[in-house]
Amino acid sequence: RENFIHLCNPHLEKMKEDILYHFALGTGTHDFPTLFGDVKFVCVGGSPSRMKAFIAYIAEELGLGGPGCDYPNICAGTDRYAMYKVGPVLSVSHGMGIPSISIMLHELIKLLYHAKCSDITIIRIGTSGGIGLEPGSVVITRQSVDATFKPQLEQVVLGKTVIRSTNLDEQLAKELMQCSKEIGQFNTVIGNTMCTLDFYEGQGRLDGAICLYDEEEKLQYLKNAYESGVRNIEMESSVFAAMCNLSGVKAAVVCVTLLNRLEGDQISSPHDVLVEYQQRPQKLVGYFIKKSLGKA
């Protein structure tokens, strides 16, 4: 049976038009089924340029485009997010942090619903700080946990705290892990990902403008995180997991680690090394898509 997007909002049925303001798209001005009805895979990441590079990469991998091909930004009417499409793959930027990706996901999920898409897989690809892993390792998230290592997202709605699950699709994680083994180019693990509200104090860094704890306290916190199963830290996975769960969408988070936080706080690898690291989640997810489409 086809798996359609589920919207947890009965109010939308009463609206004559749905304007996706931050995408500069709307049901009254755009034919969503025609534009997006064939989408099966959605890849999201923080940087617009990275998501444009991903769509060019996947187009070439699927034989739907080559070097020099141009892929227009579907959301060119706004500077909030960027969106690119080739064949059944949609590539969307989400900015940095929970608030930014949350806004994007609300509109993305509605877009997929209005387009009558089914059997959708959404994967966040990005960068992160590793814990106890060599830089360049790729982490496939089992659960997104908060800064106290609990697999939940706390959100205040109408003045009340709502707690939502942040588990991710176990079978999808296993399939991605198998793909990494078949590629055999870089270390990949399945582990928990800590999602924080901040890059500096929230992640226990010593190099922010404000820091009222010492190095020993920082290291003990990161060791506690490791012992709880955390293997990397980023700032979007919790709301990503929660919203995909509520919408009935199969989802995964695949992030490369740019450093081992047990050994330092600042990213010091050369630019060309970092560029290669950032391509690893793209390679893994690209191979997964090819395999899923029978083209690997």
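Every residue gets a Cβ built from N, Cα and C, even glycine.
Lifted from TrEMBL, the feature list:
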DOMAIN    40-289  domain 'Nucleoside phosphorylase'
BINDING   ARG80, ARG124, ILE125, GLY126, THR127  phosphate binding site
BINDING   GLN203, ARG205  substrate binding site
Notebook entry, point to check: What are the non-local neighbours of THR127 (phosphate binding site), defined as same-chain residues 6+ apart in sequence with CB under 8 A from its CB?
Noted result: GLY46, GLU234, CYS255, VAL256, THR257, LEU258, TYR277, GLN278
Margin query: Let me make sure I understand the span of the phosphate site: among ARG80, ARG124, ILE125, GLY126, THR127, what is the greatest distance between any two Cα atoms, in Å?
Written below: 20
Next item on the list: With GLN203 (substrate binding site) as the reference Cα, tell me which of the binding-site residues ARG80, ARG124, ILE125, GLY126 is the closest one.
Entry: GLY126
Item checked: Integer average pLDDT (0 to 100) for the domain 'Nucleoside phosphorylase' (40-289) -> 97
Next item on the list: Ten-angstrom check, please: count other Cβ atoms within 10 Å of the Cβ of ILE125 (phosphate binding site), all chains counted.
Entry: 26
Check: About how far apart, in whole Å, are the alpha carbons (Cα) of ILE125 (phosphate binding site) and ARG205 (substrate binding site)?
Finding: 23
Notebook entry, point to check: Measuring Cα to Cα, how many angstrom lie between GLY126 (phosphate binding site) and ARG205 (substrate binding site)?
Noted result: 20
Next item on the list: May I ask which residues of the same chain, at least 6 positions away in sequence, place their Cβ under 8 angstroms from the Cβ of ARG80 (phosphate binding site)?
Entry: HIS22, PHE23, GLY95, ILE103
Next item on the list: Specify the count of other C-beta atoms within 10 Å of the C-beta of GLN203 (substrate binding site).
Entry: 23
